[in-house]
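Here is what TrEMBL records for this protein:
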type    : residues                       : note
BINDING : Arg125, Gly155, Asp176, Ser223 : S-adenosyl-L-methionine binding site
BINDING : Glu224, Glu227, His228         : Mg(2+) binding site
Amino acid sequence: MWGGSKLSSSGRRFLGGLRAGFRSTRADSSRLTTSAVYPKNQLSWILQVKPWVFNENRIMWFKSYSMTFACLNWMKNYRLPWTRPYSTSRTTVDSSEVKTFLALAHRWWDEQGVYAPLHSMNDLRVPFIRDNLLKTVANHQPGKPLSGMKILDVGCGGGLLTEPLGRLGASVIGIDPVDENIKTAQHHKSFDPVLDKRIEYRTCSLEEIVKDTVETFDAVVASEVVEHVIDLETFIQCCFQVLKPNGSLFITTINKTQLSYALGIVFSEQIAGIVPKGTHTWEKFVSPEKLESILESNGLSVQTVVGMLYNPFSGYWHWSENTSLNYAAHALKSSLQEHPAPAEFALKGETEELQAEASTNSGVQEELKK
């Protein structure tokens, strides 16, 4: 019927359509047959029936391969937060904060001036530090209860807290990034020969001394400091590094609440002038919950969090259950030696079971002999 006769152009198009449809149908049937014959080797089937898919699969395979090795490489290099090395190129010091405190360096020991609230805060924070440290020692000397202890006072300023801790018998190193603050602190301690021997001041940041003071201090104090640093996580990690096992970290700071903004910044700085304008940045305030989370994730176990309230009319501080403004926190550096490894527990349990089984077997043997 189609043989030797010539077809019109429309006929040729029709015939071409039939042939294309036949080829498509035959290809579909071969796919179904191949799928039925090779149900367990899907990739081989795809490459045989759809060779044009090979490039896509090859690209996906290489991507998967590289991602797997990248993940393995990350796991190999990963370290727990408190075991990672620190680079002194990472700073926690805010240069704008340094300028603010540089302008006030000569006013640290004016008990009626801008630092009056910090002078008054010693009535709470000194006993808070002392009493919690004494819980870790069996005996102490009367009059010098912290004798033999090494304390690092971070952001010591003019030494308002450093000196009282030294008078309690501790050997204290006070550090501050503002050189003028350290000069003021050194000048003031020079009037007391006893403090001159117990206290050392250095102009530096915390991260700059980590390498040389690993596990050196019984306690680290960061009072009214963490709300001024630019990298709180790194700051806490450095505190962990310089603490001895079971060492204490003491922090006093300001909560991040609407009330702390209204009273701590608007009222205290802009209206009442209790502290100079620009002393605090509300975005840097940290809540007790966030601080506790950072401490716990970096190997520090939180023991106490308690609120502090300041009365601007009387000029005194008192403890409070309310932490919505100021608060104090005490954390201990976790000691791995206190917690035996799970394998040790398993070995101990297995040993006890074997001993009990041997005892039972010997008892049965004795009964049989009788």
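Placement of Cβ uses the backbone N, Cα and C atoms for every residue, glycine included.
From a predicted model like this one, the values you see are computed outputs, not experimental measurements.
Structural mapping of features recorded in TrEMBL.
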residue: Arg125; record: S-adenosyl-L-methionine binding site; Cβ contacts under 8 Å, 6 or more apart: Leu161, Ser223, Phe250, Thr252, Ala328
residue: Gly155; record: S-adenosyl-L-methionine binding site; Cβ contacts under 8 Å, 6 or more apart: Ile175, Asp176, Ala222, Ser223, Glu224, Val225, His228
residue: Glu227; record: Mg(2+) binding site; Cβ contacts under 8 Å, 6 or more apart: Thr253, Ile254, His280, Thr281, Lys284, Phe285, Val286
Rank the binding-site residues Asp176, Glu224 by how many other Cβ atoms lie within 10 Å of each Cβ and give me the one with the fewest. Glu224
In all the protein chains shown, the tally of other Cβ atoms within 10 Å of the Cβ of Ser223 (S-adenosyl-L-methionine binding site) is 24
